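J.: Summarising the annotation, TrEMBL assigns signal peptide to 1-27. Taken from TrEMBL, the feature domain 'DUF2427' applies to 58-153. Per TrEMBL, transmembrane segment is recorded for 68-91, 98-119, 131-150, 171-193, 205-229, 241-258, 270-290, 297-317, 329-349, 361-378, 398-420. If you look up TrEMBL, you'll see 181-416 marked as domain 'Protein YTP1-like C-terminal'.
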Amino acid sequence: MPLIPTSRALLISLLLHLLLFVCPILAQEEDHDEMGDHEQKGGHDHHNLPAETWISSAVTDDPLDSVMWLHILVQCLAFGILYPFGMVLGLARSRWHVPVQTLATVLLAMGYFLAHAHHGRNFEPHNAHRGFAYVVIWTLAGQIAAGVYLKLHWTHGMHMRIRRVIVAAHGWVGVMVPVLGYTQMVLGVIASVGFCYGEMTGQCLAHFIMGSSFAGYGIIMILMLRVGGPWLRHRGRSQEWYDSWAIMLWGIVNTFTEHRWGTPWNHGDYQHTSLGILWWAGGAVGIWLARNRQRNVIPSLVIMFTGIAMVGHAQHGATSSMSGVIHSYFGYSLGTAAVTRVIEIAFVWKEGVDRINPWQHLPPVMLIMAGFLFMASTEEQLRILVNGDVDITSYANVIVSAAFLVFLYAHVLITLWQTLTGYVDAGAKRMNGFQLLETEDEEEGAEGEMAERAGLMGSVNGNGNGHAGRRSGRKAAGEDYELGKMEGVEDDD
């Protein structure tokens, strides 16, 4: 079947995507071979500094040059802004999905070449940022190839079965791209200043993984508050059921990984391992109480006691005073998130209410703040503050400001998806592809029947908040969508 002109243009655009990734991959292999040849011939300053350079530091003392700063700017724009934006456009089946992703890929490829053309500061060649780049590049290359295949619209014979698999994979990988991009940006910041090297690796991993988890939990909470209700109702589970499983599994991991077995225990080992026990024990209780779609406050209590423990946690050395303050900021933020969540579940949340109560924004924003503060509290970061004579309050204000921006961007992306899909205009019985379950609330009985006859929508979000709106004469745009799937990528744009 011949492609229509628009599809042909999109296919060319997708092929450009693929070309922009193949070239860096080939260039990287060629650069690797050239480095090997240079090593045999004695090497050169930019790539082959003596091995002794990296004994005590992962970077040289040279400043970052303008090319490297441009690399950082371009990659942050691609990974931090455009790819998440394009993901939402893809979920909404917007015709702007491919152009936005093309622009992001062009910037990404440009940033890749800039990283190999800089001067000034040099970096230990085996850092995680460089290694993870392979994962990001090959993942995006596969994503682009899948998009090209779907745009060919081959639907006969075996292609129908293959297409179903690729549609599902393309959707899930598309959702994971912003996560991969975030990880690569964090690793880039770490590599640029030489953090997390040698004996600092373990502490760095603990802070950045746990901090990212809390921030991610806050973003998930926003999703559940805004658009997650139909999915939860379709599954017949409360949010605390999923929260408790995540807490319990993470606690099991922490219980057995926070101490190096066979070595003496120290205060940090006791604190982190005991928190792991707290998490799996509390998570197990939360799972039991969350049966039959029941809500409970156990996950919030686990987080609250974690925050209390962090208020009293401090590191040793020259940064101990600053460490105590920043960990207190983190602990109080985490505790506040937990307390506000308990109040929300016990007193604010009411099933069937058609508005989001302003109080319900407190738990997610405080979780994001807590996550950022924890990521910002490693010894190496605090040592830079001491050397630069920067007070801890000013530092904390900047970190909290960054958390506000992430909170804002999450809401912007969700609002964009709602607008493009007509989420609030879906029918009474279906919301974005999910068959809503009938509730047993007596108050909803008569109103639900009247709403169905009048074509009104009455769905409940993750915290029981409903959205109401009139169904238009045309088929509601949101009826054909499901959260977590990007089947729209196979439609003609």
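The backbone N, Cα and C atoms fix where each Cβ goes, and this holds for glycine too.
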J.: Same chain only, please: residues at least 6 beyond the ends of the transmembrane segment (361-378) with a C-beta under 8 Å from a C-beta of the stretch. Say none if there are none.
T.: 186, 195-196, 200, 203-204, 207-208, 210-219, 221-222, 225, 303, 307, 310, 323, 326-327, 329-330, 333-334, 336-338, 340-341, 344, 395-396, 399-400, 402-404, 406-407
J.: Can you tell me the mean pLDDT for the domain 'DUF2427' (58-153)?
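T.: Taking every residue of the domain 'DUF2427' (58-153) together, the mean pLDDT is 88.
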J.: For the transmembrane segment (68-91), find every same-chain residue at least 6 residues outside the stretch whose CB is under 8 Å from a CB in it, and list them.
T.: 97, 100-101, 103-105, 107-108, 110-111, 114-115, 118, 120-121, 171, 174-175, 177-178, 181-182, 184-185, 188, 192, 409, 413, 416-417, 420-421, 481, 483, 486, 488-489
J.: Mind checking how the domain 'DUF2427' (58-153) divides into helix, strand and coil residues in DSSP?
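T.: DSSP classes over the domain 'DUF2427' (58-153) add up to 69 helix, 4 strand, 23 coil.
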